[in-house]
Structure formats: structure tokens, C-alpha cells
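**Student:** Below are the features listed in TrEMBL for this protein:
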DOMAIN    A:144-447  domain 'Aminoacyl-transfer RNA synthetases class-II family profile'
BINDING   A:GLU177, A:ARG222, A:THR373, A:ARG377  L-aspartate binding site
REGION    A:200-203  region 'Aspartate'
BINDING   A:GLU370, A:GLY418, A:LEU419, A:ALA420, A:ARG421  ATP binding site
Number of protein chains: 2
Amino acid sequence: MTARTLVKHLAARADGAVTVSGWVETVRDQKKVQFVILRDESGAVQLVNPATRELADDAGPKASAALALTEAISGLSHGSFLTVTGELKHDERVKLGGIEIKIATLEVVSAAPAEPPIAADSSLDKRLDWRYLDLRQPKHNLIFRIQTTLEHAWRTWWVDNGFIEIHTPKLMSSPSESRAELFQLDYFELGTAYLAQSPQHFKQMAQAAGFGKIFEISPVFRADPSFTSRHATEFISVDAEISWIDSHEDVMAMQEQLLAAGFEAVVEKHGDEIREQFGIELAVPALPFPRIPLHEARDIVKARGYEIPRTDGDLDPEGERQIAAHVKETYGHDFVFVTDYPTGIRPFYHMVDPETGLTKSYDLIYNGTEITTGAQREHRVEVLEEQARAKGLDPEGLEHYLDFFRYGIPPHGGFGMGLARVLMLMLGEASIREVTFLFRGPTRLAP
Amino acid sequence: MTARTLVKHLAARADGAVTVSGWVETVRDQKKVQFVILRDESGAVQLVNPATRELADDAGPKASAALALTEAISGLSHGSFLTVTGELKHDERVKLGGIEIKIATLEVVSAAPAEPPIAADSSLDKRLDWRYLDLRQPKHNLIFRIQTTLEHAWRTWWVDNGFIEIHTPKLMSSPSESRAELFQLDYFELGTAYLAQSPQHFKQMAQAAGFGKIFEISPVFRADPSFTSRHATEFISVDAEISWIDSHEDVMAMQEQLLAAGFEAVVEKHGDEIREQFGIELAVPALPFPRIPLHEARDIVKARGYEIPRTDGDLDPEGERQIAAHVKETYGHDFVFVTDYPTGIRPFYHMVDPETGLTKSYDLIYNGTEITTGAQREHRVEVLEEQARAKGLDPEGLEHYLDFFRYGIPPHGGFGMGLARVLMLMLGEASIREVTFLFRGPTRLAP
């Protein structure tokens, strides 16, 4: 490896010789002195060079080298990658971290053109065209370090609690959720394959296989033509499924512990940076999260003066914001489980509570937007067939799925959660496009 | 949750009342006493019931209940899921763990048909048709617990070493590797989308974005019509990419440390089970792994009496086995890096060593089979274009890729590794189909 010191480690080093590598963020080319802000994945540092603007007639090779260095710095373009050796000096007058490096040698490893194609204030769409430059912004880099910490904390929580990680196939012979919004492709002699819209089928199959508790973080695909800030044609789904539950309450209890573990790790590792870059004081959510049955949630929203226009009984996005505002005002909580949805607005495989006639299911709303649907699944195959028929579905077309239930399966349930939605809402961003490494939508397939 | 005790925790419990849940593995329905082996995700336990075969004329409700229980046990089919309460008793005469549970109540939660459709000795293809039953075998379940431990150890090593986890898109506007073996699909107004054959493009893009060190474990797709034991149309690729390297040696050093960390965790957590189920004494590989340049490897293989039929200079599968056997005999090592491949058998984006004219690349062979290709990438765009042309590729068609290099990018390299191959070779299995949750091949798209 290049014998470089990461910028974040410089402050702890004694004054003296040092090598750093990174890219040029800014150049201030003053007459007498030149400053370069060099950034790497860990931070930014000021490089300094006393300018040599012309040579005396009797100038020796040292002066010539000084002139060449000055000219090299004058010619630096933003975004060029450099390796620089020099003298590290602690100096509290330097605003950027109280250190600077006096340049001895400078090597341009990869030069960028003089004019960068985007600026920090370019439109979102233009920034996404140049995502690999857009991601150099420290705020955007931070998003993916937070994502790393969040996912690792979740996986650690699952592993510590005896879950098995599975990788479900994304190529399927039949749709996993609905026949709408399906991507399909030619598949050898077998005809058509479909891209998985969720790992739903296979998570349940793992329960029939006796895996007990499983998780997966993986891409799913929806041929969804919508252009909202919350939808994508490919996104990362965070999924878990557990056996031997009594109700969806067991799933909610698992999910809220998982979320709290993730937030705890993020607050501990990135709390200061999040405050600095996003102006947000992130806190670990208290357990348990508030729970409100849907019919109560609708009453609360109505009492707040908002009339939900949709007639199917579900909340709409404004309804979600209203119930979240109520929960924030009443309980000071950013999360709320809305529970007990009627069968009409839930898929056929959600279990129905015989006492209420409502499904044993929930949505989780975070800062006003839905991030999860969870449920106890119906595991009794004859009830499942009945519920499919009640939805106008032909059990024949569901044979691939129903087969999992014919050879014994324990009671089970789980949830699916959109990773980008969690990050968007955690960091107060306006769109999942900002927190997705490379967004995919109906009009975006590159870079 | 059901108030059950996991079977693996029973041995540490005192004698007394207990609840267990799981599925029926076997029933021994003897005249005087009935035995049921109940398995859950953690192990198997013997349940026992003194049989009540008939009622005396003056039998009370207690005797009737005993008869009903006996008949229920007689009617149990393999694979049915049960919840059983009873009295736990430690008894060293019981072969299975020195414990048994005397049944008090038994609830059939989900009944399986009388005849299971497969047995442990069914053909692989038939077992895969019924994968959700096949995975109930403790040996098969163990594979996925090992996978969980291995991946978590890898991710922990990466996170501890400052890597960022990225999720690269699987939908692309242009092929990621070659135009061969591509799955394609209709994508809105944009025409055709391709499924990613590897995250190669996007891993490198993260280097241009200044991410420094990244990893990803994700599905990739190859429309590969071959039926070998090592190929699939969808598989999990383990990928990493790092910046500021001096050569492929830095990538190898990273990968061998990563592998050792993974093996260490697997040996510690599952070493005993692996010995029991697979008859393998798994050891942590010593560092550094042996390194052999390809031309030396070919000489060694030839000296062992094997003439490689292919004429392009690469090893073939038997050549890989031969060099692995040599390394095992000479160094006692299961891994070997074969390095310095000629440009003719490497993609255009591998960096060429100007001194040797060979690529700064390697394959990693484990127990005789290739599991990885790694390399330093060429980051100088003009050299990259030159190398593309030398391969007969039109740089115009590569613009999406080449653009990443035009705005500054540090020297970098990385590797891709097939997860299933590692598991197959670690556990001495004959095919990746055995170690893949749900295998996908040219003739298999379900379940």
C-alpha cells in the first residue's frame, strides 16, 4: 500500500515527515503562498507551499525545483488525486483541524479536467448523472458510512440472537407478490423468469425448512413507474422472519429491538458528524415504540382536522404524517406501529384474528413515512387457500407458494423494511435518491 | 413467542416442566412405549410416552386422555410441527444427549402428509425439488449457520478495517463484464436493461468517489448454459476494492487476512459440528498463503506429468487440482495464489506490469478449485483505452465505464469471490448446489 497516513490520524501524530494521498478539494493560489485542501475518505487537511514565482539568474537546481512545484500547484484542478510528502506541523491558527503540511514533493496520480461538471448546488438529477463526483462530498460519503454502521449493528444483533442469514434467489419462476410491476426476462428453455419483488416466498420457505429465525439484506425489483421521493425500481430490502410466534406483536418486539440496536451504534459512531453535516441530533428510540390500531389512528387523524380521501380504510401519506405528528406530540416518539389492518387492504397471506376479523399485521411509520409492513403469516394451508379465493386469486396459480405449507410449517411472521427510507428519514433528506448509492428509477439506469 | 425452550438449552436445565417446539424426525411406536425424536433449529431431543393401548371398562377421563395421546403419537407423520409440554429428565442411558422429555400434552401445529416426498438418499435433483424439506437435515442446516458465521466474520473484519459497505445496482444500462452470458429485460422507455454479471464497474466507481475501501456481498447473474458443479446462473459474489495500492500484492494481503478471519470464526463456532457432520477437521489457514507465478505453476504441473490441453496459457480445472496438490504436499497449505497472468487471458482493465508485460493479477485456488480473480486495475484512462483497443473493444462502447476514470481516480484493485465455492470446498461437498439455499441453473428456476 502507499505509505500514507489517513487525514483523520494526522492530528495525533507528532510534527515531522508525513505522506498523505487524496484528492484536491480547493486551491488558493496566492502570490506569496499557495494552499491546497486535500481530502481523503477520512477528512481534509491543508497543504501549504511558499510560492517561488521566478528564478534569479544564478538560481540553482533547488530553486528550479521550487519553481516547478509552485507551477504544479498552480496547475492543479479540483478532483485530481495526489500523493504528497511534507512536514506535518501543528499550528492552532490553522482553522482546519489545527494542522498543516508543508509540501516537499507532490505527485499527481490522476489528473481531473480543469472544470468539474457539477457543483454542490447542481440539481439532484445532474448530480446523479455524475454520482461518482457527487459522492465525494463529505456529507454524502457520511451517508454510506452510516449505512455501513447501521447494517453491521443490525446483522450483529441478529447473529447474537441466533438468526441465520439467507440469500434468496432474485430469479423466480412465478411472481413473489403481485402480477403488477413485474420485471421479466427470457430464461433458457424454461420460458420466462421474474425478478423478485420481495424475498417473501423464500423467507417463509425457510420457516418450513425449520430455520427458526432468518434475515436477509438484499436487492428487490419493482417495475414501478412512479416518480415519488420514496420509490425506486431497485432497492435494498431489510427482511427478517421468525417461527413460533403468538402474534404480530412478537414481530414488532423483534423489529423495535433491532432498530434500537442499529440507532445506538449509529449515534455512538456518527452522532457528532450527523449533527455537523445534517444539523440533526439523532437519538436512540425508546422501547417499546407506541402502538396504535388503524381504526384509532384514523379517528386521531380525523380529530386533527385531516379527512383522508382514500376510501379503502388505509392511511395515505398525509395521514401517516398526521399520526406521526400526534405520536411525536403525545409520546415524544419518532416511531409508531399502526396495527390491525382490515383484510381488504392486506395480502391474502396475512393471518386474520378470529376475534376481530382484522389481520395480525402492522405498518411501522418513522418520522411520518411508512418504512415497514409486518405480519403474522397464515400457516394453515386450507385457511390460506380460502383467503386466496376470497381475494379472487386462483390457488392453482399459487401452487409454488402453497406447497411450502403442505409438509408442515410452524406459525411464523416477519417484516420487510426499505433501507433507503430509513436512512432518508433518519437524516432528514428529501428523497431516497440522496441516500442510495446509485438510484434506479423509470428514467434512470446509469451510471 | 411460544414459551418454548430450544433443544440445545435443555441439557443445562434442571429436571422439571418444559415446553419444546419443532418437527417430528422419527417415531418409534412400540407396544409399551412410544418414542418421538423432535428436532428444532438447534438440535434433537427424545420424547417418550408410556403407551395406553386400551381402556378398562371403568376407565376415567385420565385414562381416556392417555389413550388419546397414545393414538395421537401413533398417527404422527414425519415432518409435522408440534408443541409439546412435559417433564424433562436427565438420564445418561438416553443416547441422544442424555435427556428425554416425558410427554404431558402434544399439539400438532401443522400436520405433514404420511409419506415424505424425499429421503436423505434421494437424488440431488429430487432433493432440490423439495429443498424446503431437504434443508431440514441437520447437516444441511449447518451449512447455512456456517455461512452466517463466515459472512459475519468477514463483514466484521472489513468494518474493523475501515471499509464502507455498498449496494451496487443489479440493473444496468450496459454489460458489466462481457456481452456474453447476459440476462436482459425491457426497461420502460430506456429500452433494454442488463442484469449485473459482477459489481466490477461500481466497485471501481466507488474508488473514483473517494470511498477508499469498500465491500459488498450480493447476487450476480450469468446466463451461463453450463451444467458443471461450480456454475450457477445466479450466485452470491463476495467483493472488495481498495485504493492507494502499489500492486495486486496489496489485494492478496487483504484477501488472505479476510479469509483467515472468517475461517477462525467458523472453526471456533462450528469446528466440532463440522467434524461430526462432514468428517472434516477444519483449520485456520496460515498466513501468508503461498504465491506461485502462473508460468512456474505450469512448469510444476507439467513436471507432475499432466499436460494442460488448453493452449491459451491458463490452467484448466485439472491443472488447478495439480498445482493445489503440489502446494499441499510442499507447503501443507490448502490455498495458493497463482499470479502474473499474461494479458491474453485477462480482461482489458487489469493493469500490466511494464517490466514483465504480465498483468498485476491473480487467481486464488482453494482445495484445487479457483474461487477468486483479483487484480490491480488500470486507472490511467489513456492506457485503459489503449488496452481495450488491443483487445478489439471499441472504447466508444465502454464510455459508461471509462467516464469513471476521467475525473480523477486513485490507483486501486480488488477481488470477487464466489461464496458457494468457498463453502463447497470448505465442507468437501461435490457441488455448489448443496451449499446454495436455492440453486438457479439453466433448467432450475424453482422452488
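The backbone N, Cα and C atoms fix where each Cβ goes, and this holds for glycine too.
Whatever TrEMBL says is automated annotation, not expert-curated.
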**Student:** Using an 8 Å cut-off from the Cβ centroid of A:GLU370, A:GLY418, A:LEU419, A:ALA420, A:ARG421, can you name the remaining same-chain residues around the ATP site, in sequence order?
**Tutor:** A:ARG230, A:PHE235, A:ILE371, A:MET417, A:VAL422, A:LEU423, A:MET424, A:LEU425, A:ILE432
**Student:** Using Cβ atoms and a strict cutoff of less than 8 Å, what residues sit near the region 'Aspartate' (A:200-203) while being 6 or more residues removed from its termini?
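**Tutor:** Distal contacts: 166, 168-169, 172, 176-177, 214, 216, 239-241, 349, 400-401, 404, 414, 416.
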**Student:** Across all the protein chains here, work out how many other Cβ atoms are within 10 Å of the Cβ of A:LEU419 (ATP binding site).
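**Tutor:** A count of 23.
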**Student:** Pairwise over A:GLU370, A:GLY418, A:LEU419, A:ALA420, A:ARG421, annotated as binding ATP, what's the top Cα to Cα distance to the nearest Å?
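**Tutor:** Result: 12 Å between the two most distant Cα atoms.
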**Student:** Roughly how many angstrom lie between the C-alpha atoms of A:THR373 (L-aspartate binding site) and A:ARG421 (ATP binding site)?
**Tutor:** 13
**Student:** Looking only at C-alpha atoms, tell me how far A:ARG222 (L-aspartate binding site) is from A:LEU419 (ATP binding site), rounded to the nearest Å.
**Tutor:** 15
**Student:** CB neighbours of A:GLU370 (ATP binding site) within 10 A?
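**Tutor:** Excluding its own Cβ, the number within 10 Å is 18.
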**Student:** Measure from the CA atom of A:ARG377 (L-aspartate binding site) to the CA atom of A:GLY418 (ATP binding site) and give the result in Å, rounded to a whole number.
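**Tutor:** It is 20 Å, counting Cα to Cα.
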**Student:** Could you measure between A:LEU419 (ATP binding site) and A:ARG377 (L-aspartate binding site) for me? Cα positions, answer in whole angstrom.
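**Tutor:** Taking the Cα atoms only, A:LEU419 (ATP binding site) lies 22 Å from A:ARG377 (L-aspartate binding site).
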**Student:** What is the pLDDT of the domain 'Aminoacyl-transfer RNA synthetases class-II family profile' (A:144-447) when averaged and given as a whole number?
**Tutor:** 96
**Student:** Can you tell which of the binding-site residues (A:THR373, A:ARG377, A:ALA420) has the fewest other C-beta atoms within 10 angstroms of its C-beta?
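**Tutor:** It is A:THR373 that, of the binding-site residues A:THR373, A:ARG377, A:ALA420, has the fewest other Cβ atoms within 10 Å.
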